[in-house]
Amino acid sequence: MPQAVQTLSDDPIASDRAQQPTPSDEPAAVATPGLLRRMLRPELLQSLGLGLLSLAAGVLFWHWASATNLNFFVNFENVPGPGKVFASFLGHLQTEIFYTHIRVSMQRILISYSIAAALGIGLGLVMGRSRIVRAFVMPYIEVIRPIPAVAWIPLAILMWPTEEASIIYITFLGALFPVVLNTLHGVEQTPEVLVRAAQSLGASRLAIFGHVVLPAALPSISAGLAIGMGVSWFSLLAGEIISGQYGIGYFTWNAYSLINYQDIVVGMLVIGFLGTASTAAVKLLTKPLLKWQKRTR
């Protein structure tokens, strides 16, 4: 008499089902490889590798030029090598005043840049949507924008009651104009067909501004914020060098006055690191606002 019921091992369909992972097991099995794939993307690894290789080559050339006192158009005779600079940097990490210089500079950047970002975005949006406001404000921007930060220092000291306020004012001016002009450019580049389509659907001016103009201008605004952060560091250091008592710019200038070449380079490298880190932070904070770009591509 034939066997009426097959066992699980004899049924290929049941065997395949038993070997398949359950839904609760799939996320754990898929999430980790997916995360690793995103982290180990070839283009990301290539960019990281090239960046590290470039930095290593730069440090090696710096070491060779300072060790051999290279004097070919550029004189490296008095330029300290990376070993001396690193030793000086480690020494400053043991002192409280070094952290005070960094904290004061970061505080000035935070205050001045926040004001410049808020005012610059608001003014750029209004100028982009109003021809009258743009015609009224643009002459001031075009006249003031080319004036370097150093040229503002004497007048800023006379205008503001404290040196701290004058430094913040100079830094604010440096960050303001890139934000204003990039925001204005983003609004002006809004596709007119999108605006007319929203109007034909009965959208109000406020709705068009919030759902069409602002999203279209966000990439340009993000670029302006990143550029403004870099320019704000340039302006801050000019103010700290001339009229500051604390700050990484004052630290660098004081090292020059004392003919301390190692500390000059330490100050320059710290400035570069802080500027790079703060610009990267701005890009990271604005990145979530640009997710819609990936969906439209």
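A Cβ is built for glycine as well, from the same backbone N, Cα and C atoms used for every other residue.
Note that this is a predicted model, so its numbers are computed, not measured.
So that you can see what the record holds, here are the features copied from TrEMBL:
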type	residues	note
REGION	1-28	region 'Disordered'
TRANSMEM	44-65	transmembrane segment
DOMAIN	102-286	domain 'ABC transmembrane type-1'
TRANSMEM	109-128	transmembrane segment
TRANSMEM	140-160	transmembrane segment
TRANSMEM	166-185	transmembrane segment
TRANSMEM	206-227	transmembrane segment
TRANSMEM	264-285	transmembrane segment
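Counting same-chain residues at least six beyond the ends of the transmembrane segment (206-227), those with a Cβ under 8 angstroms from any Cβ of the stretch are 117, 120-121, 124-125, 128-129, 178-183, 185-187, 189-191, 194-195, 198-199, 279, 282-283, 286-287, 289-290, 292-293. Sequence-distant contacts of the transmembrane segment (109-128) (same chain, six or more residues past either end, CB-CB distance under 8 Å): 134, 137-138, 168-169, 171-184, 186-188, 209, 213-214, 217, 221, 224-225, 228-229, 232-233, 236, 278. Only residues 6 or more beyond the boundaries of the transmembrane segment (264-285), in the same chain, are considered here, and those with a CB under 8 A from a CB of the stretch are 79-80, 85, 88-89, 92, 102, 105-106, 109, 222, 225-226, 229-230, 233, 237, 248-249, 251-252, 255-256. Cβ atoms under 8 Å from those of the transmembrane segment (140-160) belong to residues 166-167, 169-171, 173-174, 177, 180-181, 234-235, 238-239, 242-243 of the same chain, restricted to positions at least 6 beyond its ends. Same-chain residues lying 6 or more positions outside the transmembrane segment (44-65) and placing a CB less than 8 Å from one of its CB atoms are 76, 79, 81-83.
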